[in-house]
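Chemist: Submitted below is the structure of interest, expressed as structure tokens.
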């Protein structure tokens with residue numbers, strides 16, 4: 001609950017909000033300038049903290065709902081383990097324009113990566129799936145990012161290859177999945193012709209024969225490969241996912257980025 005506005009019993013309200021009876025300590029707790037007037041604390045709140053550990057199927061709504069529940073309070077979110085979006089269609093982390101928080105501090109710890117999900121490999125004339133976005137920001141500079149780790153768009157899925165434009169099961173190769181966790185294009189139960197699934201650390205490889213083969217999945221921030229071979233039909237690889245889309249945040253530390261960013 002925020003400190004009351006003017007006019008109001010700011011001193012008493014500041015003690016209740018911050019737990020600090022000395023006004024200079026209370027002012028520091030709500031991040032206003034010291035020395036200064038007590039009225040500068042009107043409407044301010046203490047920061048509320050959240051740590052998010054490793055999750056390879058993360059739902060962006062978990063964080064969005066938590067931020068909304070804090071009302072106007074500023075929030076500090078620390079990512080302590082690798083996060084991967086649950087879908088290429090959803091950013092791993094999303095910050096809508098109508099969040100009520102005074103500001104949002106996002107800290108990505110050293111050795112930790114926020115990933116968009118990798119695209120799936122193709123089995124036909126359609127391109128491999130596009131990689132997903134790591135962070136979508138519609139909150140502008142209200143979002144402050146201190147990236148001590150990495151932010152990575154998902155890799156695109158690999159394109160397919162076939163002897164015929166109908167892409168029959170007995171004459172086609174499936175594309176590899178994009179990193180991370182893109183699903184390889186499956187050609188029946190044939191493990192050689194099928195593309196392999198991507199893992200957290202590696203892109204999937206395309207299925208192959210001696211004469212032709214499917215494209216490999218893309219690494220983070222990279223598109224998938226096209227199918228290859230002479231006198232065969234091939235499809236394109238999927239596009240790379242972006243690291244950060246939407247509006248530019250307040251970059252306190254850009255850190256390591258794979259893919260495009262604003």
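Glycine residues also receive a Cβ, built from the backbone N, Cα and C atoms like all the rest.
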Chemist: When Swiss-Prot marks a stretch as motif 'GRM 3', which of 142-152, 153-163 is it?
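Modeler: Checking Swiss-Prot against the ranges 142-152, 153-163, the motif 'GRM 3' one is 153-163.
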Chemist: Among 100-107, 108-115, 116-123, find the range that Swiss-Prot records as motif 'GRM 1'.
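Modeler: When 100-107, 108-115, 116-123 are checked in Swiss-Prot, motif 'GRM 1' belongs to 116-123.
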Chemist: Out of 80-86, 87-93, 213-219, which range is noted as motif 'GRM 8' by Swiss-Prot?
Modeler: 213-219
Chemist: Can you tell me which of 116-123, 166-179, 182-188, 193-199 gets the most C-beta pairs within less than 8 Å of the motif 'GRM 9' (222-227)?
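Modeler: Between the candidates 116-123, 166-179, 182-188, 193-199, the best contact partner of the motif 'GRM 9' (222-227) is 166-179.
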Chemist: Pairs of Cβ atoms less than 8 Å apart decide it: which stretch in 153-163, 182-188, 229-242 has the most with the motif 'GRM 1' (116-123)?
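Modeler: Per the Cβ count, the answer is 153-163.
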Chemist: Please report, as numbers and ranges, the same-chain residues at least 6 past the borders of the motif 'GRM 5' (182-188) whose CB is under 8 Å from any CB of it.
Modeler: 88, 117-123, 128-129, 131, 154-155, 157-158, 160, 169, 172-176, 194-198, 203-207, 214, 217
